Ligand SMILES: Nc1ncnc2c1ncn2[C@@H]1O[C@H](COP(=O)(O)OP(=O)(O)OP(=O)(O)O)[C@@H](O)[C@H]1O
Ligand SMILES: [Mg+2]
């Protein structure tokens with residue numbers, strides 16, 4: 001291949017400057033679709049072609065899927081090089097295994113997911129005598145996770161604890177860590193926390209890894225958390241050839257500890273750094289870029305940055321109003337079907353995004369009804385099924401006999417006559433002897449308090465696991481098959497008369513297939529690799545973009561992707577922005593960024609949908625269009641209301657619209673800018689509807705409160721002075737009112 005022409009020819013000057021930048025820190029601060037990911041990929045290839053050894057390069061992406069894509073691209077541009085491309089978590093796991101001995105860990109550690117974590121936290125909570133009803137394991141586990149992300153050790157955390165909850169967390173954190181280490185397990189946060197700590201305290205290792213990874217490149221840097229930042233920093237002291245790319249407007253993972261300040265402080269952190277900005281968007285039409293730019297400009301805590309494109313103007317962005325959630329699902333699916341029928345697009349050109357996964361149900365029915373192929377991109381639900389988790393627990397226990405959580409999960413599954421009392425005794429014995437539960441099972445004869453069937457049960461379980469452990473070097477799928485057979489799990493399902501068990505049997509069979517595929521891709525990989533891939537998979541990793549399906553995913557999962565046609569559903573107050581963010585400016589700004597991320601995925605057509613009513617959590621509620629819709633520019637955005645066009649008989653929603661219309665000017669009727677209730681109550685916009693008689697308040701009724709604005713009645717109970725009315729306000733959450741004192745106006749009612 002001559003020169004670097006194929007690498008650089010189709011880049012802009014700025015992109016080329018970034019790709020060919022020599023040594024020293026480089027920050028690429030650029031808007032959506034401006035070629036950031038492309039630049040990182042090309043830069044890796046360029047480094048390789050300039051003679052940098054593959055082993056000296058480390059590239060970090062946000063998902064495993066993005067990592068494997070980048071690997072493939074690099075392989076095409078600079079064949080024969082095995083560059084480390086991975087997520088931060090996979091990097092952490094790999095480092096911990098590779099340097100396990102030096103760090104004092106056993107390399108066969110199990111990675112615990114949030115479920116496993118909560119089990120151990122619960123155990124630690126109970127052992128510390130803390131009330132585990134008041135402080136749920138989830139909440140305490142979440143606090144521990146946050147502490148680890150901030151690199152706080154248990155003693156440090158305890159020292160800084162200011163309230164009772166934090167004091168409890170501090171105590172439990174100690175016990176939890178002890179249990180984790182005893183089980184030879186790492187939780188997700190450990191995969192960042194432990195390498196970050198090791199790099200901070202072990203200078204020899206730090207210098208070695210710094211020299212090993214002379215060039216570090218990071219995509220989506222705006223969503224880095226402090227533990228990740230520490231890792232990056234420590235790897236870039238002697239060889240500060242660090243290249244990070246990101247867009248502060250796309251920082252959407254604050255809830256997982258990401259800190260937007262890290263990218264904003266880059267220039268201060270690395271004083272000799274060079275900054276390159278890319279302003280040209282190559283992905284979307286002018287209409288889409290304009291709409292998204294105007295929206296994000298409403299964020300106050302933001303460095304202003306312009307995004308331009310030479311792409312055509314394109315269709316206007318369309319805001320579609322549906323009567324209810326079912327209409328929305330139906331309407332979107334039919335539009336997609338039509339677009340495919342007309343030959344304009346393929347199914348796979350379409351993506352549907354939503355704020356939360358729970359909204360996919362009505363879509364699924366619409367897809368099935370109209371025979372449209374679709375793919376819901378969400379966690380690897382398959383591996384979450386009980387039967388698969390059971391089989392995986394056997395495998396985890398085989399790979400790591402110390403694994404307490406897995407032992408307890410499978411020791412009596414299928415039943416081996418081992419009850420809770422026997423297990424308590426076993427745990428006591430294991431603690432006294434300072435050995436793992438599986439090892440303790442092997443010495444059951446010594447535990448005199450365990451009697452009867454449990455003795456042989458534990459002994460046989462231990463023997464079976466020992467036999468299986470001798471076969472650990474089998475290819476993963478053969479091992480899964482053997483586990484199914486020897487454990488009796490397969491026989492249990494096969495012999496069952498329960499119809500569900502037939503499906504479970506098929507599922508564990510699929511697990512064998514999954515392991516086989518995994519091994520076929522790369523036959524040097526072991527069962528530990530297989531387990532790790534499953535545990536570290538993110539939503540989008542299971543997504544098959546080759547298939548001709550409509551892709552359905554959350555806005556969070558859509559990050560970094562692009563599609564010719566994008567539908568964003570349920571752009572409504574309470575959903576986008578999400579109700580949890582209401583009333584807090586920085587949270588609303590994060591929701592706006594999330595909306596911005598969704599919009600900027602679209603290449604040619606963008607539809608923002610909302611419904612007047614939506615069934616959610618089993619209740620039909622009136623929905624308020626998102627304030628974000630109001631923030632879209634007037635020009636280049638088209639408002640569509642199919643039900644108006646149909647001029648159908650008045651539905652309950654129309655009735656509501658009419659009633660509220662003196663204040664809420666109907667947008668479709670007047671063709672004017674839509675009325676969207678302001679987030680802060682505006683006295684001028686109060687509906688002029690007579691005071692509601694007490695009896696008017698029923699579940700589902702839409703009301704206007706003087707202070708809290710529009711809300712839905714969610715519960716009514718009692719009479720007279722005892723009357724209580726519960727109302728959910730998008731901006732203020734759920735509130736309870738004493739019946740005779742409510743200053744409310746009924747503005748709409750659910751159809752009887
Ligand atoms: N110089 C260029 N000429 C033509 N197409 C380009 C150029 N640079 C990038 N593209 C294309 O523009 C699209 C967006 O690029 P890319 O995904 O790298 O952007 P990004 O900045 O990483 O976006 P995001 O912020 O969404 O992550 C891709 O389809 C890419 O192939
Ligand atoms: Mg990108």
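Keep in mind that glycine also has a Cβ here, set from the backbone N, Cα and C atoms.
TrEMBL has this to say about the protein:
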BINDING   30, 31, 32, 33, 34, 35, 36, 37  ATP binding site
DOMAIN    9-285  domain 'UvrD-like helicase ATP-binding'
DOMAIN    286-560  domain 'UvrD-like helicase C-terminal'
Environment of 30, 31, 32, 33, 34, 35, 36, 37, the listed ATP site - residues of the same chain whose CB lies within 8 A of the CB centroid: 245, 247, 278, 281, 282, 283
Reduced DSSP assignment, residue 30 (ATP binding site): strand
Neighbourhood of ligand 1 - binding-site residues from 31, 35, 37 with Cβ under 6 Å: 35, 37
Distance-selected binding-site residues near ligand 2 (C-beta under 6 Å), from 31, 36, 37: 36, 37
Nonlocal residues around residue 30 (ATP binding site), in sequence order (Cβ under 8 Å, 6 or more apart): 36, 245, 247, 276, 277, 278, 279
Tertiary neighbours of residue 34 (ATP binding site) (same chain, Cβ under 8 Å, six or more apart): 278, 279, 280, 281, 282, 307
Residue 35 (ATP binding site) CB neighbourhood, other CB atoms within 10 A: 25
Where residue 35 (ATP binding site) sits in the secondary structure, as DSSP reduces it to three classes: coil
Number of Cβ atoms other than its own within 10 Å, given for residue 31 (ATP binding site): 28
The one of 33, 37 whose CB sees the fewest other CB atoms within 10 Å, among these binding-site residues: 37
Cβ-Cβ neighbours of residue 36 (ATP binding site) (radius 10 Å): 25
